Amino acid sequence: MKAWRAILLIIWIVSAHGVHAQGESPVELELSGYSYITPVPVYLSEDDRRWLQQKRALRVGVYLPGQPPLVQTTLTGRYRGMNADYLTLIHYSLNIRITVLGYQNRADAIRALRAGEIDTVLTGLDTRPSVEEGIQLSASLVHSWPGLVTSLANVMAPLHSPQSTRVAVVEGYPDADFIHQAFPNAEIANYANYQEALSSVAYGQNAWFMGDSLTTSTWLSQEFSLALSTVKFWSSPQKTSHFLFLPAQARLRKIINSTISAIDENLHGQIAQSTIDKGNLSFLLEPLNLTAREKQWLKSHKTLRVIINPWFAPYTMADSNQEIRGVIGDILNLIGLQTGMQFETVVVKSNEDMISEMKKGNWHIVQAATYDLSRENDLSFTHPFITTQFVIVVRKEDAQETALQPGTRVAISADHTLLMKMKTRHPNIHWEEVENSSVALNLVATGKVDAAISNQLTARFLSEHYYPDQLAWLPLAEAQPAAISFGVPRSEPELRQILDKALDDIPQKEVLQIVSKWIRLPDVRIDTWELYNRPFYLVAALAALLVVSALLWVAYLALQVRRRKASQRLLEIEKNKAQKANEEKREFLSYMSHEIRTPVSAIVGFLELLQQSTTHLTPADKASVEHAAMASRSLLKLIGEILDLEKIESGLQEVVVKWVHTDALIREKILLFTALAAQKGIALCYESHLEPKEAMQLDPQLLGQVLTNVIGNAVKFTRDGRVQVSARKRDRTLTISVSDTGPGIGSEEQKSLFMPFSQGNVGELHRGSGLGLAISRALMQQMGGTIDLHSELNRGTRVVLSLPVQTSYDAIPESVATEPSSSVIDRALRVLIADDHPSSRLLLKRQLANLGIAADEAGNGEEALRYLQQDHYDLVITDLNMPVMDGITLTRQVRGFDSKLPIWGLTATAQQHERERCLAAGMTGCLFKPITLAQISRLLAEVSETSRAAFDEKRLAVLAQGNRSLMLTALRDAQRENRRDLQAARVAAREENYPSVKHHIHRLNGTAQLLGANELVNIAQRLEDRLPDAISTTELINVLDQIESSLNKLEQSIECFQS
């Protein structure tokens, strides 16, 4: 038999080899472009439209594997990426079905085109598209521009240099002639793919990489965002992609060209943006809409002189070639691509030098300037391209004080747009006029002034790169934001108009990406040699005459160093004090929460017992108990809200996204207030436009907290009428609206309503903490959503929650329902309570007694450990914070000799990290005070359920005639057979062999019935009844997982029986 199998295998291999030698058949790929793409209007003749209708389908050949972002992946049979998006656009625009066929290489695809098997071939990116004989190209579909990439540590290196350097490229693009224009002595390393080439730069094997912008941006976003950055683009040589046609397909070629022409730059940008994060140059596809006068001006002004001061970081810096870098350098690079302009840098050392250079008149653009109407007599400003706040920069230890107090010393640039205004408004401040913001911030850091005026981007860059953890900034509320523009001569209106159009055409996202890139670059150092080489030579010439002075200077510097070190030590001490104060605040809030919640939790618990008791209370007594319970719960809620607010402000609140049935979540939160609404006599209605089985990806805990706050407010403040909740999803946005007919809120009060501790004027009856809406807004912002409030006095209030969501109908698969577990409490359970608070122990003991359970008490962990070593218990409930031995240590000690005893932690610190600490120590779970009778009942039911065996020991004893060894052998054999049947069922399920699945489940069911394993019997029987036709593969796999879980429980019961 084995010999025959070997012969058949050899025949199969030989035949497969023969097929491969003749060329493999094409693979039909699933077109998976983004469906949100809006069709473009394509103007066709009636003949062309009738021809398209008759053709019905377009067969497009592609050759694999393809390069991202044009082709993302074809391994799963799905054709994705920019090519797929364009094909989807053509499908919608021409209303024609498109079939994608994948070939092994270009030659196979061309052969298929000539043979008439396909209508066209869609190519990848190429510099000079090669056209085979008898093949014609369409118009260019995708464009990509050459870009220069280097490591983050090398961003300030010159962008052209005669020095020897190494440049990595992929498959010879761009060619050596192009590279040698920037780096004449470059050694070019040619790689087979982008990953190897970019990795060589990231690991220091090469200094530079050149490649096309689209592919490079894709790899930078996916693999190298923290190591590499693009520093320059060129307008040519471009890479483009095309459709290929036979001459006989002239009509189809004309239709495709018309479709490509109808795609504007915005749609090109949208398609590119779906695959790359930055470096999207699609806006270059359409030329600027220039007038004849502006075009003539450009023709006669090819090179423009740009005046910069390299100390205005991060806007303008200069490399060792004295070329402009920084934010403005990158923006001018994009403007050059749009207009063909070239820029000559004029570097000045100071504001005086800049004014002097401008007076000469031989200039075109002055560096980034703050737009100011008062300056328009001297300059003409372009449209602003960056907006940033003016800020007051202070030392960190002074951040809590008011910076602009009378008598303080404040540094400001001598040419600052706010100088005269600030002097007029604050005449009692000593204003220190300095050269630039760099000098101003240095004076603040060294303590020579109390504060400085700057814009936020400059302050952030200088603080993070030169004064880390030393400076802070506060918003300058009295000033309008700084609008950064270019300044041009008033005599050149055409230049201003050209720059305006170029700046308006650059997507704002690209500008923000440029700003973010320069702000976050590590260890940026500005090369100032060209600025200060003459002073250096002058100092060197006089050095011989200043030897004695130098010695004295060294002594003076030594004194300054000692003072600076003393200042640094004091600064370190103050910084540590501030950090310690913040930690102490957090610890104080946690401690106060614990100390307040513990007695209040006891009050809530005893009040619940009083309400549950059979004692005959008068109506007045019942009302008093109810009010006391409400007051206690309000206090607990206030403590929780304060902790929530502190957690949000500290940045510790995390968003945990999961798939959720949102409709069920909303109904669950509404149900919490149904009783209160009925008690008040108001209608609480829900109008849902959501699919019940539609799952959405969001954080259910945070959204649930927001819904509880908003719906609770609506019910609480509405005296009569109704509260209406509605939910709908549109364009991947979930919108939940909560409307009420309450008293409404005035427009003035609405302005501060989302501030912490702020409330509307709703009377004293329903006063709260004023934190609910502040927390709700913070949580919605963390989830990427918004919360809006619309209200009118005496008309009611409407709160709208908007949240971007992903949706799916398969993310939460349906499962075969199992019988609900029994909620019966075993009253023979033995429970041990460990708590150092007598009132907490008394409360818990009475709650257990109310449920028919007797309990022993211990005042600390050590005493509880002695109880456990001397006797058997089914459950331990322990406080976490106790003297002598706390609950965490107790759990670790117990786990040393008993790994299965249920241990539940009990704490008044209602925070997630406490739960994680409990589970890490080995506890079964963690409960937050106050714990209600319902919670204790569920806990005891779980313990009772766990304590029951997963098989019928009495039935097995009868079958084995009381022989315990025989019983154990039978259990082991049965479990082994069950495992084999489950494994065989899984294999059959993957092969969709449902009769075989039913056979193995039937065998497993019979074995389970013999053992009396009821839970396993229930699941197996229901599955067997539905096979082989009434169940999907996904649902079947889910049920098999349930069977495996039940087998695991049976395994645990067998181990317990053996021990």
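Cβ atoms are placed via backbone N, Cα and C, with glycine included.
Some features that TrEMBL has for this protein:
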DOMAIN    591-807  domain 'Histidine kinase'
DOMAIN    830-944  domain 'Response regulatory'
DOMAIN    960-1057  domain 'HPt'
MOD_RES   Asp879  4-aspartylphosphate
MOD_RES   His1002  phosphohistidine
SIGNAL    1-21  signal peptide
TRANSMEM  536-559  transmembrane segment
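Taking the domain 'HPt' (960-1057) as a whole, pLDDT averages 82 in the prediction. The CA atom of Asp879 (4-aspartylphosphate) is located 48 Å away from the CA atom of the residue listed as 'phosphohistidine'.
DSSP assignment over the domain 'HPt' (960-1057) gives 83 helix, 0 strand, 15 coil. In the three-state DSSP reading, the residue listed as '4-aspartylphosphate' counts as strand.
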